[in-house]
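Here's the structure we're looking at; comments come further down.
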């Protein structure tokens, strides 16, 4: 390891991040500056910030590792990320969100919903839900970054996790969203070039695009028996239709994350930070190229790492990650290990920085979203107080959020990065998407309908997590304690169907039915919400 | 094609590139569109900002 080179790269990186954080802090004078960056953010900064927040170590380390296990069927998620997460999200949702956010002077996602539906309950319940559910996602991202530091610098995972959390805490608490968005844009740029080089190098090492793909296609006979038995049909094939693996990939990973992205509080707030639709139009172009390179590379390289490890060490990727702590391998270690083995040393350090950047940008936005949830949405709504006090509560909320995420980072098991992310995305989409989407596009949606959808989505998801979806229900053990079985229904495919597939449609139905049964919102209020839309 | 035999996975690979192209074309065609209401919105926000500051002065805040 070249300690001098590493130190120089990390130092330069931290200096730039420190400067950008300081710049954000200097430019933060009002609560509005702190919450939505003063609504005057450059489109490049906005798009890169959205992309860097969206794509984190969870996508690169966690989902890249999943691709190492399950293969290229995960590319459907990249397609949804681009088509739904960028095109539909920016062109259709983003413009309306921005305008409605402006019309109602809303600063956070729960505040937007609350003002649209004139309900304080929606604001504090959503705020509380975000504050309580986000730590698992934040912890997943922290773990992803710490695993990479562990592998690259050969230091203990526990130390890596702690030091990394402290660095993030300092610049999020100081800068607010403006600081977060400047640093995000810088980090997004590093990530973009890092991933582009990784993709190019991987195809180059393995003999070109078609040759590399053909090599992994030819390895379909080497699928381990335990994976073949759950539906693995090869790394360039979809899993067997209806098998446990098919349900996991299609319902949890592809649909859960692919659709979930539309209602992510830490992403939606970004639509409210630009001054006009022009910025969103430009961000569509920048964002899509970014997502294609960032996630596409992670899934393609994750899959192709099997060819590399088979050629060099005679094992599959997961086999290469076997260690004392993980006797059957850890999918979270596939990407860090591959990069450390296959890439030139200088690139490993640059990539370390870009991965840390990815984690920092996502996690800082998560902490920021959690902080504003508690400060603005819960504190202000319940106590009726505004102003600097809520900024102080927000900063305090961020610190509490960081502490919870670090504790979870220490106790969560291996292979959790992708699953933790999918779980959070699924819960968010079930709880928020019906009220958010219908609130933007259907004037007849009522306060009662929105509350019905919010509660149905939240509680059906939680019920499924505790009693239906085997992975979480068995781990949490509440079902076992109450009814003596890991899951309520053990007939296929229910134990493998992601909670979102059940809770999201039910939440939509609840929102529509209750809206139709209750009194329509007043014309005056609708006029105010939809002015200029 | 491209060394990927399963048409579903191949479709995903190709759709990723096509959807990016769609976004690039959309972004390029609308690069300068959509800023018509910018000045008006900024003025409205300045008004809110002043109202909020006035309200805070009246209520008083604990720092």
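Using the three backbone atoms N, Cα and C, a Cβ is placed for every residue, glycine included.
Keep in mind that this is a model prediction, so the values were computed, not measured.
As given in TrEMBL:
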| type | residues | note |
| --- | --- | --- |
| TRANSMEM | A:6-22 | transmembrane segment |
| TRANSMEM | A:43-67 | transmembrane segment |
| TRANSMEM | A:73-93 | transmembrane segment |
| TRANSMEM | A:124-149 | transmembrane segment |
| TRANSMEM | A:155-173 | transmembrane segment |
| TRANSMEM | A:185-203 | transmembrane segment |
| TRANSMEM | A:283-302 | transmembrane segment |
| TRANSMEM | A:346-367 | transmembrane segment |
| TRANSMEM | A:388-411 | transmembrane segment |
| TRANSMEM | A:423-442 | transmembrane segment |
| TRANSMEM | A:449-468 | transmembrane segment |
| TRANSMEM | A:500-518 | transmembrane segment |
Problem - Paired segments the transmembrane segment (A:73-93) and the transmembrane segment (A:283-302) in contact, 3+ CB pairs under 8 A - result: yes
Problem - Stretch among A:6-22, A:155-173, A:283-302, A:449-468, A:500-518 sharing the most Cβ pairs under 8 Å with the transmembrane segment (A:185-203) - result: A:283-302
Problem - Of A:6-22, A:388-411, A:423-442, A:449-468, whichever stretch has the most CB pairs under 8 A to the transmembrane segment (A:124-149) - result: A:388-411
Practice task
Quickly jot the same-chain residues contacting the transmembrane segment (A:283-302) by Cβ under 8 Å, restricted to those at least six beyond its ends, or write none.
Solution key: 43-44, 46-48, 50-51, 54-55, 59-60, 63-68, 72, 74-75, 77-78, 81-82, 85-87, 90-91, 94, 188, 191-192, 195-196, 198-199, 202, 274, 317, 334-335, 338, 358
Handout entry: Candidates A:155-173, A:423-442, A:500-518; stretch with most C-beta pairs under 8 Å toward the transmembrane segment (A:388-411)
Key = A:155-173
Handout entry: Same-chain residues near the transmembrane segment (A:346-367), Cβ under 8 Å, at least 6 residues beyond its ends
Key = 2, 5-6, 9-10, 13, 17, 49, 52-61, 134, 137-138, 141-142, 144-145, 148-149, 152-153, 164, 167-169, 171-172, 177, 180, 183-184, 186-188, 190-191, 193-195, 197-198, 201, 266, 294, 339-340, 398, 401-402, 405
